[in-house]
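To keep things clear, I will list the structure first and then write my remarks on it.
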2 protein chains.
Amino acid sequence: MKEILKERGYKATPARLAILEIFIKSKAPLAAENVYKELKRSKKNKDINEATVYRTLSLFEEGKVLTKIDFRKGSVFFELNKKHHHHITCFKCDTVEEFESTAIEKVLGGIVRNSSKFINIKEHSLELFGLCKNCVA
Amino acid sequence: MKEILKERGYKATPARLAILEIFIKSKAPLAAENVYKELKRSKKNKDINEATVYRTLSLFEEGKVLTKIDFRKGSVFFELNKKHHHHITCFKCDTVEEFESTAIEKVLGGIVRNSSKFINIKEHSLELFGLCKNCVA
DNA sequence: TTCTAAATGCAAATGACTTGCAAGTGGATT
DNA sequence: AATCCACTTGCAAGTCATTTGCATTTAGAA
């Protein structure tokens, strides 16, 4: 973990190490509030300030350690920056499933070719919402 | 316009008519702030309260007069509810181009078929971002 | 060990909404 | 046309996620 920070010229502070570890261990995307509560739960890092959490999250986003996800839930979520993918989120229980799709990337390329105002797309966000099998039952 | 309101059982108040008219005339999606400023610009409706704007926007969303769009810009945008489509937004000048794509809808169907946790998608949001031809130059 | 730019804690500020409540008003009814 | 009341609105205060100013602390290079 210290490597990840050092590569980017970030000081390896306890707060940064703790927050990075939380993301490495987490199976799901986390909002600042989730991270903050997780820190408070531990003995060692319970005194890390909320402002520090926010500052660390945006630092990590800038350094491509994390990526931001907008689930339209009032707060912004983050996850470790890995291969490009999308999410399906359950309306009811918030379960998140990840998926990749080369088909989507291809379709997006076609869209730009038809556009009169744009030549290429730099970013896109695609979020799917539905009810998971558990919640349907 | 009164028809639109009456169909949904909404009283045709000056605020609602004014806000609806702003959307009918607008070429681009608008945030609450944009609507509010536009009202202040007019002589007749300059005294409509910001809270009323917010209340009217959510009423209109509920009644499917408007749909919400999340451009990840800190505030939520709305546009008249019309045929399902997506947007490409310019990072620099915020120009918005709309597009439809049956290909995307098909691809999304395929994704769900591969999902282990989900059976169907109820909603999706797809937002594209890039530089428009003007801003590239 | 020393030193300093960078990081943190704290408290106040911000921005985008939301809400409680008293006063006002469409529009159905008379 | 006057009445009435559930629905609307204005206003001010509140909320929630996030940001910022500033004084203090600290990681890590020298």
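Each residue, glycine too, has its Cβ placed from N, Cα and C.
Any TrEMBL annotation is an automated prediction that lacks curation.
The Fe cation binding site annotation in TrEMBL covers B:His84, B:Glu105, B:His124. When secondary structure is read from DSSP and collapsed to three states, B:His84 (Fe cation binding site) falls in the coil class. Neighbour density for B:His84 (Fe cation binding site): within 10 A of its CB lie 11 other CB atoms from the protein chains shown.
Residues or ranges marked as Zn(2+) binding site by TrEMBL: B:Cys90, B:Cys93, B:Cys132, B:Cys135. Of all Cβ atoms in the protein chains displayed, 22 besides its own lie within 10 Å of the Cβ of B:Cys132 (Zn(2+) binding site). When secondary structure is read from DSSP and collapsed to three states, B:Cys132 (Zn(2+) binding site) falls in the strand class.
For the pair formed by B:Cys90 (Zn(2+) binding site) and B:His84 (Fe cation binding site), distance between Cα atoms is given as 20 Å, rounded to the nearest Å. Within 10 Å of B:Cys132 (Zn(2+) binding site), as judged by C-alpha distances, no binding-site residues are found among B:His84, B:Glu105, B:His124.
Geometry remark: B:Glu105 (Fe cation binding site) versus B:Cys93 (Zn(2+) binding site), CA distance 28 Å.
Excluding the listed site residues B:His84, B:Glu105, B:His124, the same chain places B:His86, B:Ile104, B:Leu108, B:Leu126 with Cβ atoms within 8 Å of the centre of the Fe cation site Cβ atoms.
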